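Annotation comment: TrEMBL describes 12-35, 42-66, 125-148, 160-183, 218-245, 266-287 as transmembrane segment.
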Amino acid sequence: MESLNALLQGMGLMHLGAGQAIMLLVSLLLLWLAIAKKFEPLLLLPIGFGGLLSNIPEAGMALTALESLLAHHDAGQLAVIAAKLNCAPDVHAIKEALALALPSVQSQMENLAVDMGYTPGVLALFYKVAIGSGVAPLVIFMGVGAMTDFGPLLANPRTLLLGAAAQFGIFATVLGALTLNYFGLISFTLPQAAAIGIIGGADGPTAIYLSGKLAPELLGAIAVAAYSYMALVPLIQPPIMKALTTETERKIRMVQLRTVSKREKILFPVVLLLLVALLLPDAAPLLGMFCFGNLMRESGVVERLSD
C-alpha cells in the first residue's frame, strides 16, 4: 500500500491545480489555432507548447531552484530560508520577503536552494540565459531587421505616420492600466503599467525586452498577451477595414511611387541608428540590432540574406 500511495502521490494528476488546468486548456487552444487554423504558427506553436511544458504538475520545468524548494514545503528547509530573510517560516511570508528583497539577496537564496539539492528546470534556465539577460529579444530584433524592406517607406515617407499611430496604442494601454489601478480593480505600479503599455504598440520583442527591465514578474503574461493578440490580427482587422473603407477603396492596387536606390537603402539604417541613438541612448540596444540586421540585408555582402 505504501508503494501504491507513493506512486499516486508522484502522479501529476494528484497535484493539478485549477490555475494549471486552465493554462493547459489555453495552451491547447493556442496549439489548435496554430495547427488547424494556421494563425501565426511560428508564434502560437512554441507559445502553446511552452505553456504545456511549464504547467505540467510536479515537473517543475519552469521553476527556479528556489521555487522548487518552496513547492516541496519542507519545514526544515523553509526555516533555513526564513531565517536568512528574517520572516515567518511559511511559503507565503517567504514569497513576500523575496519580492521586497534586493536582487543580490534573491540570488543568495537561489544559490542556497541549489546547495540544498534543488536544480532549476530547463525552461527556467532558458529564461535566465535568453530572456532574463535580454539576449533573445535583441537577436529577434536583428532577424526582424533582416526581413524588413524599407523601400516603400523611403519611396513615400508619408507612410511613416502609419507607424506613428502605434504610439497612441501604447499611451492608451498605459492609461487603461493606470485607470484600473485608480478604481481599485487591479493594482499596477507605474513601471508595470509602462511594461503593459508596450503591448499597445503590437511589437512582441520590444514588449518582452521592456517588461524584462521594468516588470519581470509580468513578463510571461505580457509575452503571451502580446503575441496572442498579434496572431489574431487576421481575425480582428477584416471587420475594421470593412467598416472604415468602401469596396472600391479596398480594390485599389498600391504601387511604389519611385525606385529606391541601393545607396539609400544602405544609408537609411545607419542614419536612423545615429539620429535616434544620439537622442535616446536607451533605445540603442534594440534599434542597433534592428538596424544591423537591415544593413546586412541591404549591403549585399551577406549573401544568404541578400538572396
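Even glycines carry a Cβ here, placed using N, Cα and C.
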Task: Recorded stretch, among 12-35, 125-148, 266-287, maximising Cβ pairs under 8 Å relative to the transmembrane segment (42-66) - done: 12-35
Open item on the list: Under 8 Å for C-beta pairs, could you tell me which stretch among 12-35, 125-148, 218-245 has the largest tally with the transmembrane segment (266-287)?
Closed with: 125-148
Open item on the list: With Cβ-Cβ distances below 8 Å as the criterion, list the same-chain residues six or more beyond the ends of the transmembrane segment (218-245) that contact it, or say none.
Closed with: 30, 33-34, 39-40, 43-44, 47, 51, 131, 192, 195-196, 198-199, 202-204, 207-208, 211-212
